[in-house]
Structure formats: C-alpha cells, structure tokens
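**Q** This is the feature table in TrEMBL:
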COMPBIAS  1-10  compositional bias 'Basic and acidic residues'
COMPBIAS  173-182  compositional bias 'Low complexity'
COMPBIAS  183-192  compositional bias 'Gly residues'
DOMAIN    21-134  domain 'DOMON'
REGION    1-26  region 'Disordered'
REGION    167-194  region 'Disordered'
Amino acid sequence: MHLTDLHEQPPLRQLHGLAHPHRLPPLDYDPSNSSLSVAFIAPPAQPAGWISWAVNPTGTGMVGAQALVAFKKSNGSMTVQTYNITSYASIAQSDIAYEVSGASAEYSGGVMRMFATLALPGGTTSVNQVWQVGPSVTKGVPDKHAFQAANLNAKGVLDLVSGGNGGAPAPAPEASAPAPVAGGPGPSGGTGSSPSGLRGLEMVAWDFLCFYFLQVLWFVSRYIL
C-alpha cells in the first residue's frame with residue numbers, strides 16, 4: 001500500500017523558525033511482509049543538528065520509541081543510527097525492536113533526508129509514530145531537542161490501512177452574530193426603527209387631523225351658520 005502524501009505535521013510548521021510546513025514522511029507499506037519504508041525529510045534545528053523519526057510500540061511519546069536518527073558525522077558524511085529511547089535523561093546508540101534495512105541519509109540545501117525500511121510484526125495495521133529535530137551532536141551523540149509545545153506534540157497514530165495520521169479534523173469556525181435588522185432586536189434587546197413603525201405614526205397623525213377637522217366643522221355649524 002502506497003501511503004505517500006499523508007496529512008501535514010503541524011508541530012513542525014513553526015518549529016525552530018521553519019518558514020514552511022513540512023509533511024510526514026512518504027511511506028510505502030507492504031502488508032504481505034509487513035515492511036514499512038520511510039523517507040523523512042526535514043531541516044535540523046541548527047545546521048549541525050539532527051532529525052529523527054520513530055515507531056513507539058509501547059506508548060505515544062518519546063520513551064519507548066524505536067528511533068532512526070540522521071546527522072552529519074565529524075568527517076562530514078551523513079549517518080543513520082538506531083536508538084531505543086528508554087528515558088529522557090540520556091540516549092545511547094543501540095539496536096531497536098525492528099529489523100532495519102536500506103538506511104541512508106543525505107543533506108543539501110539546509111534539509112536532511114533520511115531513508116529506511118522497517119520490518120514490522122505480521123498483521124500490523126497501525127503504529128504510534130514520533131518525529132523530532134535537534135540542534136547539535138556531541139561526540140557522535142545527538143544532543144537534547146527543545147521542549148517547546150511543538151516538540152512535545154510531534155507524534156501521532158499512523159493507520160497503515162487507510163493512510164490516516166490519526167489527527168482530528170479542525171473544528172468549524174463559529175458562526176458570526178447576525179447583524180441587527182430594521183425592526184428587529186438591537187444589541188441590547190431594544191427594537192430598531194422600521195417602515196411599519198413609521199406607518200403607525202402616520203396613522204396616529206391622520207386620526208388627530210380628522211378629529212380636529214370634525215371639531216372645526218361642528219363649531220362653524222353651531223355658532224356661525
């Protein structure tokens with residue numbers, strides 16, 4: 001199943017000053033052998049930093065993540081290493097729960113690209129994914145990333161069957177309050193002016209004039225004629 005063009009990953013839109021939203025990695029999932037091929041593309045937090053994409057089989061966050069991390073070595077070449085993240089304190093390069101093949105990375109134009117294929121357990125239909133970028137690497141070990149809200153929310157559930165990213169749709173915008181209409185309730189509950197109101201005033205004035213005219217005729221007929 002080809003899972004290219006998944007939903008955007010909002011947590012990395014503004015992370016570390018990124019000007020444009022980046023997308024979740026293009027993926028290819030082969031259910032016949034449960035192999036998941038990934039190409040994760042993102043700028044590191046700093047030019048000498050790192051990028052990472054991971055599957056977490058035990059939770060939804062960083063701890064427990066089986067991570068692929070790409071960065072530039074001291075000799076300038078790119079490398080992809082695996083890390084079993086067991087705590088927030090420190091990390092060390094290690095094997096992970098999945099067999100990894102075809103791991104490679106490249107760096108150009110300020111953007112890192114990481115490629116790999118993971119062998120998932122048979123019958124896997126969804127995975128918890130975590131992605132991240134960091135600022136630096138010290139003695140071959142990636143340094144801690146920032147702990148802003150964007151970093152902490154860089155995770156989601158990947159549905160391998162439908163290709164969905166598990167994100168809820170954005171709520172619809174609230175309807176604007178209707179503008180007051182003539183004759184309708186005003187902002188404070190009063191009633192605005194309307195043509196029907198004017199017609200009512202005209203009828204009152206007309207009745208008064210008719211009454212006055214009849215009084216004049218009665219006076220003339222009684223005392224003058």
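Positions of Cβ are set from backbone N, Cα and C atoms, glycine also.
Unlike curated records, TrEMBL annotations are generated automatically.
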**Q** Per DSSP, what is the residue tally for the domain 'DOMON' (21-134) in helix, strand and coil?
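**A** Counting residues by DSSP class gives 0 helix, 63 strand, 51 coil.
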**Q** Restricting to the domain 'DOMON' (21-134), what is the model's mean pLDDT?
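**A** 92, rounded to a whole number.
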